Ligand SMILES: N[C@@H](CCC(=O)N[C@@H](CS)C(=O)NCC(=O)O)C(=O)O
C-alpha cells in the first residue's frame, strides 16, 4: 500500500519483486441462528462486487447457484479499477451510485463504515444494511455463509441438506477439499498474480513452474474415475467453484497478459478444458447457467491489461520479465508435413 497526493493506491510487488496478497480485514459471520450478531434475513445484506474480480466471482456464482438472488442484494462497481479504487459509474455493469450512502466509490463505503480503515478497498464485500457495517470481505468465508446460513429463506431444492452428495462442502469430503484448496490457492488462484505482478525475473521464475506443475496435477486428478465429471465426482463442490473463477480467466488474461504461457488450457489440458466448458455451458438444473451468467471475458481482458500496465508504469518502467513460454518454440513437423 502506498500513498500519493493523499490518495491510497494499490501496491503490487514488494521491494524484492514478489507479489504478496494482504489478509482481508472484516471477518464476521452471518448465521442462521436468529440471535446471532448477523442473522440471516431476506433483503438485509448487500454484496458489492464487479465482473472482473475472480474473488468476487466466487461469491456471485455461489449466490446464483444457491438461488439467493432475491435474498442477498448485489451491487456492481465498474470493473475499471482507478486511482480512486472501484467506482460506481453506471458503466460496465456498474450501479449509477452506491444505493446505501450514495457513494461514488467503494472506498467511501469502507470509510463510512470505519473512518480510520487503512486496508485495501476490495471486492467482494458483504455489507449489512441494518447496522451499516461490513460483515466480511473475504471471499472464501462469504461463500461458506452462502452455502448454508440462508437455507431457511430459499426453496427446498436449493438447501444443502436436501442435496444429493451433501452440497458444496460435504462433510465426507471436507478434508480433501481443504487439502486441494490450500495448494490450488497458493499456486493457481494466487499463483497467476504472483507471475503477472512479479517485477523481477527471479520472482516470476519462482512462481511460473509451480503454477504449471499444479495444472498438471489437476489434469491428472481429473483422470481418476472418482474425480469426474467434477473434481470430487458427480457433484459440484467448493473445489470446482474456486478453480472455475481462475481457469475461466486463464487463456483470455493470465496466459496472455500475466505471462502464464508455458501452455494454454484449450490446447494442452484436455480434461481441465472439458471440465471448464461443461461448467460454462451447463443450463441444467445443476447450475441453471450460473457459471456462464457470471462470466465476462471483456472484463478480464480489460481489467488485467490495465492492472499490468499500471504496475509497470508505477516505478517499474524499465522492468523486463521474460515470459517462459511457450515451452516448445515451434512444433516439429510430423510425418508427411514437410515441403519436400
Ligand atoms: N482475499 C480477498 C481478495 C480480494 C481482492 O484482492 N480483490 C481485488 C480485486 S480482484 C480488489 O478489490 N482490489 C482492489 C484494490 O486492491 O484496491 C478475497 O478473496 O476476498
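Placement of Cβ uses the backbone N, Cα and C atoms for every residue, glycine included.
TrEMBL lists 1-10 with the feature compositional bias 'Polar residues'. Sequence annotations record features per position, and here TrEMBL assigns region 'Disordered' to 1-35. The active site, nucleophile annotation in TrEMBL covers 53. Summarising the annotation, TrEMBL assigns glutathione binding site to 86, 120, 121, 122, 123, 138, 139. Sequence annotations record features per position, and here TrEMBL assigns domain 'GST C-terminal' to 170-297. Per TrEMBL, active site, proton donor/acceptor is recorded for 193. For 254, 304, the entry in TrEMBL reads site 'Lowers pKa of active site Cys'.
Feature map: annotations from TrEMBL on the structure.
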residue: 53; record: active site, nucleophile; Cβ contacts under 8 Å, 6 or more apart: 79, 123, 124, 303
residue: 86; record: glutathione binding site; Cβ contacts under 8 Å, 6 or more apart: 48, 50, 77, 78, 105, 106, 107, 121, 123
residue: 122; record: glutathione binding site; Cβ contacts under 8 Å, 6 or more apart: 24, 55, 137
residue: 139; record: glutathione binding site; Cβ contacts under 8 Å, 6 or more apart: 55, 56, 58, 59, 124
residue: 193; record: active site, proton donor/acceptor; Cβ contacts under 8 Å, 6 or more apart: 19, 21, 258
residue: 254; record: site 'Lowers pKa of active site Cys'; Cβ contacts under 8 Å, 6 or more apart: 192, 195, 196, 246, 260, 304
Farthest-apart CA atoms of 86, 120, 121, 122, 123, 138, 139, residues recorded for glutathione, distance in Å: 17
Residues among the recorded positions 53, 122, 138, 304 that border ligand 1 - Cβ under 6 angstroms, in sequence order: 53, 122, 138
Around the Cβ of residue 138 (glutathione binding site), the count of other Cβ atoms that are within 10 Å: 18
For residue 138 (glutathione binding site), the three-state class that DSSP assigns: coil
Mean per-residue pLDDT computed across the domain 'GST C-terminal' (170-297): 98
Residue 120 (glutathione binding site), number of other Cβ atoms within 10 Å: 17
Cβ packing number for residue 123 (glutathione binding site), 10 Å threshold: 25
